[in-house]
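Chemist: If you look up TrEMBL, you'll see 184-270 marked as domain 'Wax synthase'. The transmembrane segment annotation in TrEMBL covers 7-26, 32-53, 60-78, 90-106, 156-179, 235-256, 294-316.
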C-alpha cells in the first residue's frame, strides 16, 4: 500500500506539472492543429501514467479522471471549446480553477453564484451516503458463496451504480469546497428514465455526456446535416458517440483487467446506440404523429431492464471472469481492517492520556 501511495503522489505531481504547461504555454498557442500538437505529449502522458497504479479503488478513479475526462477536455481545449476554454468561469481563480476543472468531473454553473454555507455540507453528505450504500453492498458481496449467480450480478449492478455516483460526487467536492461555486448536478434521477434516450442523454453521468456531446456528437451531427439533412442527422451522430464511448470503456476494462480486449463492452455500447437510434426513428415516425405512444410507466422499466440485461451479458460477466470482484472485496476488507486498527490505536492513546 505504501508503494501504491508513493506512485500516486508521483503521478499527481506529474499531472499537475503537465497541466501547468497547458495553462502557461499551450494556451498561448493559436487554437487548432498547432495547439493540438502541443497538447499531444500531455495527452499521451496522462494516458500512460495511471498504469503505474494497481489497486482498484485508487487506480480506476485516477484513470477515469486523467486518461479519460481530462484528455477529452484537453482535446476540446485544443480548439478553444469545452470547460477549459471558458474564461468567465476560470479567470477569477487562474491556474487553480484550470487544474481542478481539468482533473475533476464537475461543471461550474454559468451564473457563478457563490454557494451558501448550507450547500457545502450537502455535497459531502451525498458522497457519504453513496459510500455507506457501497460499503453495504460490498459487505453483502463478501458472503457470495451463499448467493446464486444472478443475485451476484445484481450486487455488481448495485456496486457499479453506487460507485460511479460516488466517484463523480467525490470528484465534485474539490471544486465546491475550494472554489466555493455552485456546480451542475452529476446525475438526474436515472432510475426515473422514460426511455434509453432519456437515460443516456439526460440523466446518467451528465459530465461524461457533456464531453461526448461536445467532442463527438456535435461535430458528427454537423457533418451529417450537410450529407443527409437535419431530420436524420442525429442518427449517425448518436451511433458514433456510443461507439467512441464503447472504445473508451474498452480501454478502461483493459486497465482494470490488464488483459487483451474482448470487445464485449464495446458491443454493449454499440447495442445501446442502435436502440437509441431506433427510439429516435420510432418517435419521429409514430409518436410525433400521435399514432402510438408507450406510457412512461411501461417505457421506463423496459429501458432499464434492457440496460441491465445487456450489461450483465457483456459487462459484468467480464469482471467476474477476471476475478475483479474478489480484488474489490479484498481491498475493501483491507481498508476496513485499517480503519479498525487506526481506531484501536487512537482509543488506546486516549486512555493512556
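Placement of Cβ uses the backbone N, Cα and C atoms for every residue, glycine included.
Neighbours and distances for these, please.
Modeler: If one looks beyond the transmembrane segment (90-106) by at least 6 residues along the same chain, the residues whose Cβ comes under 8 Å of a Cβ in the stretch are 15-16, 19-20, 22-24, 64-66, 69-70, 73-74, 83-84, 167-168, 171-172, 174-176, 178-179, 183-184, 186, 207-208.
Using a Cβ-Cβ cut-off under 8 Å and counting only residues 6 or more beyond its ends in the same chain, the transmembrane segment (235-256) has close neighbours at 50-51, 56, 59-60, 63-64, 67-68, 200, 208, 212-213, 216-218, 220-221, 224, 228, 262-263, 265-270, 272-274, 276-277, 280-281, 318-319, 322, 324.
Same-chain residues lying 6+ beyond the ends of the transmembrane segment (294-316) with a Cβ under 8 Å from its Cβ atoms: 153, 156-157, 160, 191-196, 198-199, 264-265, 267-268, 271-272, 275.
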Chemist: State the non-local partners of the transmembrane segment (156-179) in its own chain: residues 6+ outside its ends, Cβ under 8 Å from one of its Cβ atoms.
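Modeler: Residues 60-61, 64-65, 93, 96-97, 100-101, 104-106, 108, 115, 119-120, 123-124, 126-127, 130-131, 133-134, 137-138, 141, 186-187, 205, 207, 308, 311-312, 316, 319-320, 325, 328 contact the transmembrane segment (156-179) from elsewhere in the chain.
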